[in-house]
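Participant: Copying in the features that Swiss-Prot gives for the protein in this structure:
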| type | residues | note |
| --- | --- | --- |
| BINDING | 23-28, 42, 44-45, 71, 126-127, 129, 157-158 | GTP binding site |
| BINDING | 27, 45, 68 | Mg(2+) binding site |
| LIPID | 216 | S-geranylgeranyl cysteine |
| LIPID | 218 | S-geranylgeranyl cysteine |
| MOD_RES | 72 | 5-glutamyl serotonin |
| MOTIF | 44-49 | motif 'Switch 1' |
């Protein structure tokens with residue numbers, strides 16, 4: 001029981017989205033990140049799937065609540081409701097499919113319109129292991145990311161390459177924005193919550209200041 005309690009102790013909770021066309025490997029990326037293995041029997045997501053994981057980002061423990069959204073158009077009205085209050089997102093395309101790359105602008109527009117106004121997005125060119133079938137060059141996607149102020153990585157849900165790094169980079173940037181004051185976890189719709197560990201740190205100075213004030217009055 002003690003180990004379970006310790007494993008659930010975290011400083012911050014971030015709401016994440018995984019968005020992009022159907023067939024880009026979004027569910028496989030989520031499964032690889034959480035389970036550290038490839039999801040062989042992956043079917044198209046119907047509606048929304050959910051996963052969570054606690055990661056260590058520069059000494060802070062961050063719990064990611066990750067919503068994997070369906071990429072098919074018929075589910076868009078359902079999945080859009082989950083965008084609200086997301087702090088971060090993985091915007092995924094398939095490097096072997098020009099069609100999934102061409103759809104990125106629509107997904108990006110939705111994310112920036114419906115999620116937190118300060119949402120941090122990383123572009124992920126998935127299926128890096130299928131380089132021989134590539135239809136989208138690294139340079140082209142890199143330019144798209146730069147033009148739209150996105151971070152960018154190519155990933156492989158099959159081999160695990162850059163999968164954890166994608167989530168880590170996104171979480172690290174959010175954490176940096178909190179520490180610089182650009183993001184306020186207490187603002188409604190930020191997609192960020194303080195965890196128990198952070199709340200204890202926020203309260204502890206008040207407890208230590210009270211006795212010293214009394215001592216001064218004596």
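Just so you know, glycine gets a Cβ as well, placed from its N, Cα and C.
Quantities reported herein were computed from a predicted structural model and do not represent experimental measurements.
How buried are the listed features, and what sits near them?
Facilitator: In three-state terms derived from DSSP, residue 158 (GTP binding site) belongs to neither a helical nor a strand segment and is classed as coil.
DSSP assigns residue 68 (Mg(2+) binding site) to a strand in the three-state reduction.
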Participant: Is any of the binding-site residues 23, 27, 158 within 10 Å of residue 68 (Mg(2+) binding site) (Cα-Cα), and if so, which, in sequence order?
Facilitator: 27
Participant: Within 10 Å of each Cβ, count the other Cβ atoms and name the one among the binding-site residues 27, 126 with the highest count.
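Facilitator: Selected residue: 126.
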Participant: Could you tell me which three-state DSSP class residue 126 (GTP binding site) falls into?
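Facilitator: Its secondary structure by DSSP: strand.
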Participant: What is the total of other Cβ atoms whose distance to the Cβ of residue 158 (GTP binding site) is within 10 Å?
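Facilitator: Cβ-Cβ neighbours of residue 158 (GTP binding site) within 10 Å number 18.
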